[in-house]
Every structure is written in structure tokens, then in C-alpha cells.
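> This structure is in C-alpha cells; I'll ask about it shortly.
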Amino acid sequence: MAQQLPCVSSPRPLLAVPAGRWRAGVRGRPNVAGLGRGRLSLHAAAARPVAEAVQAEEDDDDDDEEVAEERFALGGACRVLAGMPAPLGATALRGGVNFAVYSSGASAASLCLFAPGDLKADRVTEEVPLDPLLNRTGNVWHVFIHGDQLHGMLYGYRFDGVFAPERGQYYDVSNVVVDPYAKAVVSRGEYGVPAPGGSCWPQMAGMIPLPYNKFDWQGDLPLGYHQKDLVIYEMHLRGFTKHNSSKTKHPGTYIGAVSKLDHLKELGVNCIELMPCHEFNELEYFSSSSKMNFWGYSTINFFSPMARYSSSGIRDSGCGAINEFKAFVREAHKRGIEVIMDVVFNHTAEGNEKGPILSFRGIDNSTYYMLAPKGEFYNYSGCGNTFNCNHPVVREFIVDCLRYWVTEMHVDGFRFDLASILTRGCSLWDPVNVYGSPMEGDMITTGTPLVAPPLIDMISNDPILGNVKLIAEAWDAGGLYQVGQFPHWNVWSEWNGKYRDTVRQFIKGTDGFAGAFAECLCGSPQLYQAGGRKPWHSINFVCAHDGFTLADLVTYNSKYNLSNGEDNRDGENHNLSWNCGEEGEFASLSVRRLRKRQMRNFFVCLMVSQGVPMFYMGDEYGHTKGGNNNTYCHDHYVNYFRWDKKEEQSSDLYRFCRLMTKFRKECESLGLEDFPTSERLKWHGHQPGKPDWSEASRFVAFTMKDETKGEIYVAFNTSHLPVVVGLPERSGFRWEPVVDTGKEAPYDFLTDGLPDRAVTVYQFSHFLNSNLYPMLSYSSIILVLRPDV
């Protein structure tokens, strides 16, 4: 038996969870790569003739000369001209539209035009064959359609060529595929509803652009925040307003989200990290169990905003989604909030060889995907295929896409899902070295991690992308873990998974983590300082869309994912959670109080750590998913922001989180540009100046000099015992409590406007006068230095 290649899909595998599987019972068009080639699945409408290239021969007395006959389309209303090979995609020019698409292996190609009604009826309005002599330059097919009748129409391509999966080729003239450079994609009209006839994969087509841009940016400019000043909020756009309690006019849409942006401003958030908003198919896994691809980590087209997040759906050929996304960004900027997009360039929705032919696979499979010599798909993504990111054509495509979202859509940065895949060597299908230098006969093995990946180099040094935020999820499903070691050119930040794990361990009282926890508070210098990076290259988080919510982290010791339909096999088993003594939501009063303290402790840690804090949508009010740590497939309340719950608890956890983000912004010392020095930061134990870094230590405290507050004292007691701590003496000053998670709200955060604040502080005077402070078990405190008057 042949040896199985690492992370290569087996001869006929199913897609790996959690991405779902290509099930035998999935409904949709039979344009599946694993099936044999079929007859044309779309037919041209009889009302309009197909324009064909005709070569006319004229006899002359001296010689024979071939003359290309002038061609027309759409009943003679449009002229068909040679066109230009650049730029790729559909480009509105004076008098018409230029179409250009890369395909290195196709022997024939045609442009398919759709009227919206014909697309819905699953038929091509008109097909324009491309002449390989006139309409091809190198590996780019191109054509210019002159005339106004294209406005409001849609387009796709047919490609013919070799269909040989064992050689990595899937050319099949029976499929109309979507242009990777399409700026909007139109398919089904309503979110979560199959097309007429029950199809979950109806024919898709790209929007033909208009020659003018009607969107009013109202003078919008980049906010240009320094990354050290960010407070990031990971948000799912549909989930943010889909719950009935949002009371928005257009729930689950870009416009609906705009109506709730003031909540984020009030919360102190100045950066949104949007979960995937590229065009994807939420019915990708649809079956009798009605599972959805809710999160959207399975892209169909990287240039197109998700059409079914638009309040207008597909009624305007996709223009509505573009303009509503722009409106969302513009209105966020007006409120001082940047927008970062979560982009999934590690794989696509086409899956493995049993997946559908939608776009990349039918255009040039061996260019766009990592393939083994016998055509198998490498599976470093865990989702059936791996995007061939460092191939010259693919990396050019990715950079073009990022530039578009920055220049046209005004986004402020990107978070790259499974970014370690972007560092792996590409498939080499020719004897030519695609890395541009002689290799003396040795080829880089497909998937090898590269020290200087060409794609990362291009992005890092691109003049247009130079000032945007770049965040890497520095690992992949193939076991490559690069946190602290991602190739960075001093511009890439990382989701700091080590911060998450260390903070979870220490806050729940695990021995042996005091020193590592202190490292996290300093911005993880052991990870980032030696490589020349700064604390703000660490994106600090405790919870994200993957895994438990903050409330579930302190409520469940085990995951409860049965509702996902995978027998609880999916999702992370290593959660480092602690239920505080009783499993589940319904617990005793003492356990519930402890859970409240723990949630606050985590949030205090996030806000006092050097680096960039990020928290997940709903954690500010204690959203629960019932212990499900992998809710990728649920389009209901478990993934919806509960505005009613936020209001119910506005005086409790939400108030605390809002005040903590405000406190962080007020303290210059909590967002330093460089790692704190010993002159500014001092460590303490139960007694000042005597930190305990022993294996059994569950107490960490520090003081930090601050330009606005003078000095702050922060302590974490994660022992099961209360403790009275000694405070550093400061002549002429006294310590005053601001935060104490051991106290019930509103005394957990003492504000100047609290009616009985003075009385509360006075109650501690007998301790404070002696430079002491009592701490409950599993609690954290913040004190500030005040003049002793």
C-alpha cells in the first residue's frame, strides 16, 4: 500500500470537521468534481442567438488573407472586441466592459452572460466564445464587450480542457464558473432558504460593474490608530442583530449592524474584527438536520461581500451588498471604530475532490490548490483543500484582493485565518523554480514552512497595504504552530494563543503559572522582544468564536456539542475551563457568585495587560452557548447577541466591562509602545517588593508608574483562600481602591459618580492607613495612588 502523504486527502475522503462533509444527501446542482463530465447543465435562452467568431477567407490575385469578421452580442446591441489582459476581472471602461481571467490549462473558454431572470431560471442569456488567437494573451483570456446593454447583467465563464483529476485538472465545459475577481456574486436570494427546486448550490454569477460609483463616502478617511491603542471586538455580523430583541428594522444585515454601533462606542471598543463577510454558502452542509455554515469560514469569492447580509438581497445584482458594507465601514469610522476583516485565504468552499466546481477548481485547479503528484488535495486547513498561497499567480491574486478591500471598501486591516498556511511552500507542477532562484536540482517539498514566504513578503512590503493592521492566526490544522515565530517583517501581529492558555490556567488556580502569567501581563516579551517586535504585536484574548464563551468558560468543565450532529466529537477537548465547583448553568448561589468574580478577573487581566486586548461579542454581558464550544452550524439564539440579556445585566457585568475599557484608555501605562522596564514596573507578593515565583504561587501583583494616574497597583489572588496584602508605602500619598472583583456590583468598580463611594472607601480606611488591603479568594484589585490630604 502506498504511503499516505502528510495532510493529503485520502483517495475519496470526507471533508474534515468542523467544516462539514460532502454528504450523499446534500441537495444541489450535480457540478461535483468527483463525478464524470456531463452534458451542458445550462442552456442558452432561445430568444437571443449566440455570437460566434467566424474566420472569413478572401481570395486575392496575389495572396490569401484571413480576415476576422466583426462580432456582436445581445442581438447585435454590443460589439465583441479583443479586450485587454489586464487588469484581471470585469472592469467598466468607457463604452463597455473588459473581461480578463487567468487559466493556464484551458484549451477553450467562453464568456457567459446572464440577465437576472435567466440566472434564476438556470439558463445562460448569451454565450460569447473566446478566440484563442484574438482573445488570449499568455495564460489570460480576455474580451471587451462594447455597449450599454451589459448594465445590470451578470457573468461567468465556461472552460474546456483536460478533465483528469489524477493530474489535478478539472476542466469541464458543462460548468459555468465564477470569476475569482468578481466584485459581487449573485445566487440564492434569501439567507438559509434553498433556491427553487430545493437546490442549495444554484448557479452563481458575478456582477458586471457599472461605469460609475454612486456611493457617498462623505469624506471618510482612515482613522489611523496606533495598534497599541486598540480595543478589539470580535463580531459576527449576522449574529449581532438577528435576535428579535435587537428591534432593528433589518436584523442580521450590514444596515442592521449600523443601528447598533453606538453600543460598541459606549463599551469603549475602537476596532471591530468582523468574522467572515466574503461571499460564502450558508447551506453548504444543509441536510435534514438543517445545519448551517453560520460562521462563514468557507469562502466562495474573496472580492465579494456576502450578498445575503444585505437588506436588499440580490435584487440589484449585488450592488446593494457592496454599498451597505461600505455604509457599515463609514458609520463605524464616524464613531471612531476601525474595521478589520477576518479573511480565509487558507482554503475555499470547493472542498476536496468530491466538492463542487464553483470557481477556482474549474478555472485552474493545479494553480489555485496545493496538490500532490497524483492530484490529491493537501489538507492543511482541515477542510478538504489548501489554497496554494505562495504560487506566483495566487499570491498576486491575494494581494490584489487585499488592496481592493483597503482602497475601495476602506477597511483598516485583516485577520488571517490559519495564517500558517500562508507560509507553506506551494505545489510545483513544472520543473521551473517558482521562487525565482536556482535550486541546483532540489525542489522545495510542497507544504514546507518557508523562512521568508513570498506572499508574506509581498503583503508586508506592499505600498498600499503598508499602514493597515495585519494579524495572523499563527497555526494551522497540519500541526504548524508559529505563535511568536510567524514571519513578520515587524508589521505582523499574532493572535496570542499562549496568552489565552496561560491566563486561563492561572486565573483558575493552576499551580506553576505565576511566572508565565507575569509574562503575559508584560506583553509576552519572551515571544516577541527578541524578534524586534513590540507588545502591541500580541493580540491578547481569553475567548473567541472558537471555544467557550467567557460565561461558559467558568460554567462547564466539558463541552456539550451534541446539537452539532457529530456525536460530540467536534470542537476542542482541551479547554482549560473550570466550572467553579458545579457543572452547568443552574448552580448554587455561592458558585454563581464565584463565576461572576472569575469573569471579571479575566476581563481585568485583558485590560491591564500590555498588548492589544480582544474579546468576543456577547462576553460583555455573559452570553452562554450552553457549553457548546463549536457553534459554527447554528443560525439561532445560541449565536445571536441577546440585547435583552445585555439590558437585564447592564448594571452588572456590562457596566464593569465598560468601565474597565475606559480605565485602560485613561492609563497611559497600560498601552505602552515598548515593553515595560524595571524602572517603571515593580513586582510584588503578599508583601511589597517580594514576588513569589514558586511552583505553588497563586498570587501576582505589580505597580506601574503612570503619567495620568501617578501610579497603579494591580493584584490577582487565584488561591482558594483570602489574603491581606501589603501595599508599597509612598510618602505623602495613599492608595485608593478602584476595582475589587470580590465586591458585588456596583462596588466592584468604584466610580466618582457612585453615591456612596466615599463611605465605601472609608470602610477600608483602617486597612489602607496601614498600607494593607484584604482580598477574597479568586479576586483581583486595582488601586491608584492619591495625594494624602
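Even glycines carry a Cβ here, placed using N, Cα and C.
This is the feature table in Swiss-Prot:
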type	residues	note
ACT_SITE	Asp417	active site, nucleophile
ACT_SITE	Glu473	active site, proton donor
SITE	Asp546	site 'Transition state stabilizer'
TRANSIT	1-44	transit peptide
> Just the number: how many Å between the Cα atoms of Asp546 (site 'Transition state stabilizer') and the residue listed as 'active site, nucleophile'?
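Answer for this pair: 12 Å between alpha carbons.
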> Counting only residues 6+ away in sequence within the same chain, which have a CB under 8 Å from the CB of the residue listed as 'active site, proton donor'?
Arg415, Phe416, Asp417, Leu418, Ala419, Ser420, Glu494, Trp495
> Out of Asp417, Asp546, give me whichever of these recorded positions has the highest number of other Cβ atoms within 10 Å.
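Selected residue: Asp417.
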